[in-house]
Amino acid sequence: MPCMDQIFVLFNHPLVFDGDCTAADIAIMGYVADFKDGLRAFTPQERRNIAIYIAGIMIYKFGLEAFNGSVVALATNRYDYESIQSGRPSRTFERVGLLTGLNQACQCIGSILIGPLVKRYPTKNVLACAVLVFGLCSALLLIIDAATGGTFMPAAYRENHPKNDWSYYGDYNTDAMIPVYCISGIAYGMVELIRRVIPRDIVGGHVQKLRKMDSIVHIFYEITGTAGAFITALVIIPQLGNNKAFIVTPVCFTFCATIWYFISELDFKRRKSTLHQHEKPAYWKAAFRGLFLFGESIWVGGRILFTSRKFIWLVPGYAVALYAHRYLENGIAPQVARRYLGHSAWSQIMVGGSNLGELLGALAVLLLTNTIQTPMPWLRLDAIMLLIVWYIPFWRPPVDDVGQAWIVAATFAPISFGWAAGDVSLAAYIQASLSRLESKNKNVSALGAVMAFLYSFYIVTYAISGTLLGRYLDRVYNESGGTDGGNIREGLMFTAGMQMTIISVLVFAATFVPKGALAFNPKMISEEKLDEDEPVELKGRRDQEEILDAPVFKESSKKSYCTSDDGSEPHIEKKASEII
């Protein structure tokens, strides 16, 4: 039987080899067999719910890429336009850095506010409503733009857009975008939290099922993210304009909410009505308690990290590496697109290349899980890949050439490949190792506390450095001529080249801190075996904490709303917990 026929028959028959198969063929058939067995692990109802969830999340991701990419490009153009019209020095990237930094900080606030609702209503209903709220928030800028005279891009501009002419934008102060984008960040955080909860509701607490579902979902998520970024940059923005391009977002989110509503109830058990009214904790009381516990989590997490050789390396290995990735997409990409190529919308092409790298990185970890068992090789690859950005300060591409944006996208792909591979494997390591560490503080789990600190460290770092580095680049641009031929190459020597080099050294050095990490591909670090499920007694104790937080159960009211129901997974970070 020819080898390709064997691969085809593999879905319905046992694996059979003959002499016609090469080693590569055998490996492919092995992966196909693993995928087949993985799908069989789910029940028919679970497969139905997973299919519905994936359909919704793909539409959600497309609308999200259109929104985030268009808003950043819109803010970049508007701040430049205000500078040109008023004759004042440019402050574009200072304000864009502040805009994106505050948006990410507000995501955590949203995750805290939505936490109590997940306890009281079916998760799929809360998720559908949260997406609708996000859609309404994304429409605020469209309403403001239309109310102040904004229109779609004139047809004559689609073929040949006049340089620095955005007269079709609405006439409002661009700083008004900051609070509106922050409100959207709160809604965004609500959706992102619930997206971390619902996989456990769909397949239960089975570790293998969760890993399989997370990997499948993430692959489709990044495929749509890559396509969405490219379509936004090449089709939607050139046809509608930055100020109207995200008109597709409320539509996508509405369809997404409708699709997710058809997920089954997921064994949700409504709290009994026998409780007296005064026994039911008020929503805002629960929300403020979640805020207090989040602050307490940061303190406990910092103490765990900085008092142990086993965990201190996670600060540069996770939080600093995450900051570098976000600055690459939200900082360097808009700067190069606007100042080098003259088109801020082309930053989405670069982000699309980055998303493709993330997809390939997640696939690499999925396929090499048994070969590379610790995060160290991936983190070292991530550190080395960061040095690729050194070409940017010395690069002199022609303006208005979209092909140059594709070159940047191609160079961003390996950088994000290294980061995603490191992030995926590191997330699994953090969850496995810290779930075994029992926190001395009864109010927060060790895992939730450490993740709260790492995420807060990243948020504060980005909010401060993004604004300050943007201000520095604006000064370099203004001093070199501004709109009369100014450039930021000298500034990028430091904000891109030197900064990423320092981060590269920090991340690379951090991989040698734990015990047993000196090997090129260590099988175990810190003398801890993590390829087994947690001890039964610990798992049983954690299952006890899953009881809904009725006042009669004192333990259940002490959990942070920034962690999942079992206290084992953070809900405040976008990429780390949604992959394997």
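Glycine is no exception: its Cβ is also placed from the backbone N, Cα and C atoms.
Those TrEMBL annotations? Automatic predictions, nothing curated.
As written in TrEMBL, here are the features:
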type     : residues : note
COMPBIAS : 536-545  : compositional bias 'Basic and acidic residues'
COMPBIAS : 568-580  : compositional bias 'Basic and acidic residues'
REGION   : 531-580  : region 'Disordered'
TRANSMEM : 50-76    : transmembrane segment
TRANSMEM : 96-118   : transmembrane segment
TRANSMEM : 125-144  : transmembrane segment
TRANSMEM : 176-198  : transmembrane segment
TRANSMEM : 219-239  : transmembrane segment
TRANSMEM : 245-263  : transmembrane segment
TRANSMEM : 311-328  : transmembrane segment
TRANSMEM : 348-368  : transmembrane segment
TRANSMEM : 377-394  : transmembrane segment
TRANSMEM : 406-432  : transmembrane segment
TRANSMEM : 444-472  : transmembrane segment
TRANSMEM : 492-513  : transmembrane segment
Contact call for the transmembrane segment (444-472) and the transmembrane segment (96-118): at least 3 Cβ pairs under 8 Å, seq gap 6+:
yes
Among 96-118, 176-198, 348-368, which stretch has the highest count of C-beta pairs below 8 Å with the transmembrane segment (125-144)?
176-198
I'm a bit unsure how to read this: which one of 96-118, 176-198, 219-239 has the highest number of Cβ pairs shorter than 8 Å with the transmembrane segment (348-368)?
219-239
Please report, as numbers and ranges, the same-chain residues at least 6 past the borders of the transmembrane segment (219-239) whose CB is under 8 Å from any CB of it.
54, 57-59, 61-66, 69-70, 73, 153, 158, 245, 248, 345-349, 351-352, 355-356, 358-359, 362-363, 402, 405, 578
Sequence gap of 6 or more, Cβ distance under 8 Å, 3 or more pairs: do the transmembrane segment (492-513) and the transmembrane segment (377-394) meet that?
yes
For the transmembrane segment (406-432): best-contacting stretch of 176-198, 245-263, 311-328, 377-394, by Cβ pairs under 8 Å:
377-394
